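Let me begin by presenting the structure, written as structure tokens, before commenting on it.
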Amino acid sequence: MIERGKYQSLTMVNWNGFFARTFDIDGLVTTLSGGNGAGKSTTMAAFITALIPDQTLLHFRNTTEAGSSQSSRDKGLYGKLQPGACYAALDVVNSRNQRLLFAVKLQQVAGRDKKVDIKPFVIQGLPSHVKPTDILVESVSATQARVRQINEVKDAIAEFEGVQFKAFSSIVDYHAQMFEFGVIPKKLRNSSDRSKFYRLIEASLYGGISSAITRSLRDYLLPQNGGVKKAFQDMESALRENRMTLEAIKTTQADRDLFKHLITESTNYVAADYMRHANDRRNKLEQTLSLRSELFGSRETLIEQNNLLNRVQEELELLIESESALEQDYQAASDHLQLVQNALRQQEKIERYQEDLEELSERLEEQMMVVEEAQERVMMVEEQATVAEEEVDSLKTQLADYQQALDVQQTRALQYQQAVQALEKAKQLLGDDCLTAESAQALVSELKNKESESTNALLSVKHKLDMSSAAAEQFETALKLVQSIVGQVERKDAAEQAKIVITKARESQQIAQNEQQWRAQHRDLERSLNQQRQARELVKEYQKQFHVELTDEITFEQERERHAMQIETLEMTQEELREQRSEQRRLEQDAAAEINKLEAIAPTWIAANDALEKLREQSGVDLEDRHAVMSHMQVVLEQEKELSLAKDKLAERRSQLESEIERLASPGGSNDPRLKGLADTLGGVLLSEIYDDITIDDAPYFSAMYGPARHAIVVSDLSGIEEKLVELDDCPEDLYIIEGDIDAFDDSSFDAEELEGAVCVRMNDRQMRYSRFPEIPLFGRAAREQRLELLRNEREEVVEKHAKAAFDSQKMQRLYQAFNQFVANHIQVAFEADPEQALANVREKRGQIARVLADLEAKEQQHRSQLQTSKQALSSLDKLAPNMALIEDDTLQARFDELEEKIAQLSEAKAFLNNHAKAVAELEKIASALDADPEQFDALEAEYKAADEQLQELKKQIFALSDLVERRHYFAYSDSVDLLNQSSELSEQLKAKLVQAEQMRTRSREELKQAQGQMNQYNQVLASLKSSHQAKLETVQEFKQELQEFGVNADEGAEERAIRRRDELHERLHTSRSRKSEYERTITSTELEMKGLAKRLKKVQKEYAELRTFVVAAKAGWCSVLRLARENDVERRLHKRELAYMSADELRSMSDKSLGALRLAVANNDDLRDALRLSEDNARPERKVLFYIAVYQHLRERIRQDIIRTDDPVEAIEEMEVELARLTEELTQRENRLAISSESVASIIKKTIQREQNRIRMLNQGLSNISFGQVKGVRLNVKIRESHEVLLHGLSSQQEQHKDLFESPRFTFSEAMAKLFQRVNPHIDMGQRSPQVLGEELLDYRNYLELSVEVNRGSDGWLQAESGALSTGEAIGTGQSILLMVVQSWEEESRRLRSKDIIPCRLLFLDEAARLDAKSISTLFELCDRLDMQLLIAAPENISPEKGTTYKLVRKVFKDHEHVHVVGLRGFGQTDKPKSEVQEMIEEFES
């Protein structure tokens, strides 16, 4: 790659403040930073002086204009120099890597004009290690140096081998050398070019928008085009050919556009509707099938639901009947339970009252005994009180009557003796010596008990004795009792029957005693029988439900184990089914996601596949994979390159042939068209014109004889020719001039000798020339015409081959573009698997998954039902488990029957006892009378006597003891005996005894009172007890009467049986009601489901009927549509698979949009308009196909068979593209040819204008994003003047109207142009300009254009670039952008003039960059980097850019010496160059 040339350094020698300073120029931006007067402008002035050493232009205003007087003629350069020789040198390395030192020597010229003498020179080939200062400055000593003169500089570089020094006498030569080596962008031929270049540099230096440049942008940006002046020949023929070609292009373009538009819009219109109907039909079919499936399924479900409903209703009716009976039984059982409970409560009350009655009887007896004891105690206390009273009275009497007392004491002594005698008697009778008066009382009670027993025994014996004595009477009584029990009986059998009755009574009593045990057993057996019956019912129900007969516990256990295992298995299976269902659902979701994904990529793949198929058809190669596509694309590219190369070679050959034909057709057949003008200038003729009439045979000889001089100019006199030659500006490098007679030229001046096939010409004694005969002689008109004939024939062949090669190249290029477009858009998906096939597979897989899910759900439902059945079975078995053992027990009924018999016996026994218990009891008492033996009477009498004697003895003992008890208080009179012996103490003793007796009396009275009170209390309690007893007794009798009225045998098991019966019936009733509720819920839910299902069925049936009608009706229409499409071979155009994935709304929108476009497209075609109007009927889709067929037919008729070899409009578009490309290329080639031959002024002007517009547009692209402050972009606005545009239109398109101007011999072409301009623009005043001058201006295309600069500033948008509308920084940035456009334009303009391996340097200036903000400076840096430009800016010392190279300049004054101290900061530019010894010495000297 060719690199752009770069300025490497600027060297200043002997300038103010700079004795010998070299500034390295950065590859991008070099910044000179310093305060005012630091030397920034001086440095830039030195650079500009070395670049444009023209003192007439140099004017450094910033140092001269401010405050300068009119008399001062200093242009700013004189004052910047020191006396003596000064240098400014630019070190440049160009694109060829050549080092060049362009320098100028400056020296002040004495005088008031302050002129400066400037001498430019260049040093080429200087070694890289040698610095410019090493050449321009000479070291005198270690501390001194001097500036060399230019001759000394030349001598100094002579020391280096290969270094060239060249001084220039003119600035033109200096700039020509600069242009040749790529230092400046434009070739500066004259002062005008230099002035433009300087104005550009000046505008760059001082910034802002230069009015001098903006006012004449056309001169700066638009290059001259002198070839327009050569457009006079063959104008009409060239215009006619171009017009024909343009007409063919327009026709082909119109046909192509029409074909494209109609094909695209009609295809979109019809295909969208076609695919919408196809999609709709497919969806309707799917909906119909779905509805039919749902309809049949709903019917089956409805039938099943109806069967279930009928079955449940039947069961419900049976259940209601049984429930009514159960309710009656339950009510009866509840009533019976109520009676039993009432009877039991009554019996409990009777028992409770009887208990209370017995308790009251006991308490009454106890109270009676207590009362008796109380009475006895009262009697004893009364007796004691009476005795005490009597004792007191006696003592008082005794005290009153001592004798009486003495008698009393004697009486008491006698009583005491009698009591002792009674004690002795009792001891004797009882034989107990330990008997005392105190113990006698207790013994009396004991003996009385014995007396009672003895009395009873005596009475019994006496009774028996009396019975025996009264046997006859008792026998009759006993016989009556027996007969009352057993009925009539013989007297002799009475005793036996009495025994039987008594035995039966005893047995009945024994049976009655077993009542509780038997009834408990009866309850247990009855419960067991009920459980057995329920168990057998459960077994029957289980057998009916599960078809398994439970015969024993083993079968029961096996069945329960089977169901338990089945439940476990089913639960595991259900878990597996749930997992499988989850997995299947996940697979279904994955399949749905995959379907969505495939449906999303299917249109892209279909488009890619269609593109691939089209590419295969175009290429004729089976493109199997990406590698094959890329490989064949490379092959196509190589083929296209080969065809393009062949086409280019043929085009080049055609151009060569045309150039050669043109040259040979020109007068003299000269290679250089300038020779004719030079001949006219020099007043001679061409040698070839003199020999124009030679024969073909002589042509080789004369061509070889004259050799290079065959195109010489023959003049009659050579005198004065040299002066004319010096004045020539443009002439061939070698120009031969021969003196001779033009009218009678003689070749004798040539010393020629003809050899074999050659000529030897002796020039002089020391030179000779040997020239062979040319194989193809071109000297002379005959030879040229012969050559022209051959060249024209060859040109025809080349043109034909070129056309064929162009067609093939265009076709191959389009194929490569197709490959390129396919690779860019479709290669990523084209070779992927077919998504439609994958869709079918995934949909089939999803269908399988759906079926598997349905099977799994059915299995799960079946398993759930089985699980529920097994759980119900286990529940039934669990209910049956406690009673399973009873099923096998066949003895229950026998035992129950046996107990029933016992219960019956019990009832009979209880009835017997209830009826005859009292009679039997009486009978038992006198039963013996029936079998009494009269012989037993004596024994009974003897026994009676013995018992009587024993009783009499006991009574004696009791009497003796009673006497002793009665006399026991006489033992207290033991002192009376002593008193009888002590009569003197009797009185005192009596008094003491009286006191004791009174005390005893008082106690006795108290005790009597207490005893009487207590007895009264006891009597009251006894009375209350008697009344309570009587009331309880009456209540018990009433309760017994009520109990008999209940009519219920309220035994212990009656309530339990009643409760069990009621609970059993309640449970059965509850179960029945639960089942009834379940049946009713089932019926209700089933009816609701059936109603909903019937409603849904009607709706589905209606929808199905409507859809089926629609589908059947649409089928016929669709078949007609398909038939039309297939018969007319448009189905493949209409059936676009990618549209199958669009919604109906999208397709309808697509069709409607195309319909609107088609209405406009066919508005001028009656047939298509009518067909389109008919096709808008949505009810007739076949009409859209008919419209599409009509469009195809219409396009087939429009196909030009002369250029298109197909009947298919789609394929015709491709061939039209090829034809259009061929015609366009032909026109382009002709325009190029016309431009080269200057045959069409208007075409060249238009083309030139278009080229410059495109070039300016490219310039705008580089600057559109530039930002300075509020300015966000800079652009050049170029437009054609309306008046000149009308002129161009008249030149190119209205030639027939203006034949009077261009075919008139009265006007030159320039005058005709001026006249035409006046004709087409009558409103424009031409002023004083002549038609010739105006015509020459009209031949310059730059006068046709208007240029202006616009900026995009803030909210104002694009506006005219004027300094007043912009800030200073914005104006500077905008100005730099404009200048950069100019530089780029100059480079493009001069590219053809310079060597191809040279890219010129690009550098601009900017002084006082302080007016730019940091962002704008950054934009400049970015601009330099992007456009490979160098920038030299001056900025105040407070600005230090982060990038590039920055030099800090500080001007210092030491005594009378002034210098600038420089510090360089390297950025990202080039590396520092090593300093030379001289430079180091100079820097040391300056410091």
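Yeah, the Cβs are placed from backbone N, Cα and C, and that goes for glycine too.
Features as listed in Swiss-Prot:
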{"type": "BINDING", "residues": "G34, G35, N36, G37, A38, G39, K40, S41", "note": "ATP binding site"}
{"type": "COILED", "residues": "297-458", "note": "coiled coil"}
{"type": "COILED", "residues": "506-601", "note": "coiled coil"}
{"type": "COILED", "residues": "637-666", "note": "coiled coil"}
{"type": "COILED", "residues": "781-806", "note": "coiled coil"}
{"type": "COILED", "residues": "836-1109", "note": "coiled coil"}
{"type": "COILED", "residues": "1210-1266", "note": "coiled coil"}
{"type": "REGION", "residues": "667-784", "note": "region 'Flexible hinge'"}
Candidates N36, S41: member of the binding-site residues with the richest Cβ shell (10 Å): S41
ATP site, defined by G34, G35, N36, G37, A38, G39, K40, S41: further same-chain residues with Cβ within 8 Å of the Cβ centre: L32, T42, A1434, L1449, R1451
Stretch among 506-601, 781-806, 836-1109 sharing the most Cβ pairs under 8 Å with the coiled coil (637-666): 781-806
Position of peak Cβ density within 10 Å, selected from the binding-site residues G34, G35: G34
Summary of DSSP states over the region 'Flexible hinge' (667-784), given as helix, strand and coil counts: 43 helix, 23 strand, 52 coil
PLDDT averaged over the residues of the coiled coil (781-806): 83
Same-chain residues at least 6 apart in sequence whose Cβ lies under 8 Å from G39 (ATP binding site): N16, G17, F18, L32, L1449, R1451, V1460
Three-class DSSP secondary structure - K40 (ATP binding site): helix
Cβ packing number for G37 (ATP binding site), 10 Å threshold: 14
CB contacts for K40 (ATP binding site) [other CB atoms within 10 A, all chains]: 26
A38 (ATP binding site) CB neighbourhood, other CB atoms within 10 A: 24
G35 (ATP binding site): secondary structure state under DSSP, collapsed to three categories: coil
